[in-house]
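K.L.:
A single structure is presented below for examination.
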DNA sequence: AGCACA
């Protein structure tokens, strides 16, 4: 990361700069002989829950490198998603990343992705331009975030998409790329700000977990994680309160407290298996802590007021 | 699998 160290991590996440769609950016293709018109750089996404919103899909996809636009076709029995990327390589990478992704654990929707037969056609000027919205058309959610003077991004979603099931996948020790969840060919990605993000995701075998609470237990951290690394990732998560690192014999573990269970749960899902750049051993394991922050095991020390019906109401 | 701090 170039010496842009003045950006504090606990700053609001700013959406990554996307290629400006209205200007019809020339697609960066390695082979200039090809017109790129015939190259499919769209993926087809099935397995979406019937009540999926375009915005949902878009918010998932927008973090993927090279993402241009997405659309859902609701006419079929099951919604069919399409996502356009700037290059076929980006599309392939995204396809792999999204393959078997649990889109919604509650409805048990698991995504299935394929390369599309043909490219998604993105209509110009539909995106975020209220004057030119053609109401008869379905709104396409494009990757255009160039709303000038946007006060604050409406998303405080963490940068990475949720766990994706690419068994055995390990992020390469490539130069830290805040937006890249997976390796993608050289495309102008300027690495503008040191936005903390895992360098990838790895599957996690989460044996047992504890009942949800507002504190997360982070395990399977590498030997040489440093606090800044962890803080960088977690402190920007919505509802983050504080964290505590615990170094043990061989392991380093970490506790993260959130305002409420929701915050913890979201991060539990979204960052599960996130691979820190420092990690030599795959993704971090995220579990709910056995005890919430600021509260000890039970019994032991003097503060035994809670056992005799004392209404120690702490909500989580 | 490793769960601390008041």
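Heads up, the Cβ atoms here are built off N, Cα and C, so glycines get one too.
Please treat TrEMBL annotations as automatic predictions, because they have not gone through curation.
Relevant sequence annotations retrieved from TrEMBL are reproduced here:
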COMPBIAS  A:14-29  compositional bias 'Pro residues'
DOMAIN    A:214-291  domain 'RRM'
REGION    A:1-33  region 'Disordered'
REGION    A:290-316  region 'Disordered'
K.L.:
Please list the DSSP helix, strand and coil residue counts for the domain 'RRM' (A:214-291).
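P.N.:
Once the DSSP states are binned, the domain 'RRM' (A:214-291) shows 18 helix, 26 strand, 34 coil.
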K.L.:
Quick one: mean pLDDT on the domain 'RRM' (A:214-291)?
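P.N.:
In the predicted model, the domain 'RRM' (A:214-291) has a mean pLDDT of 93.
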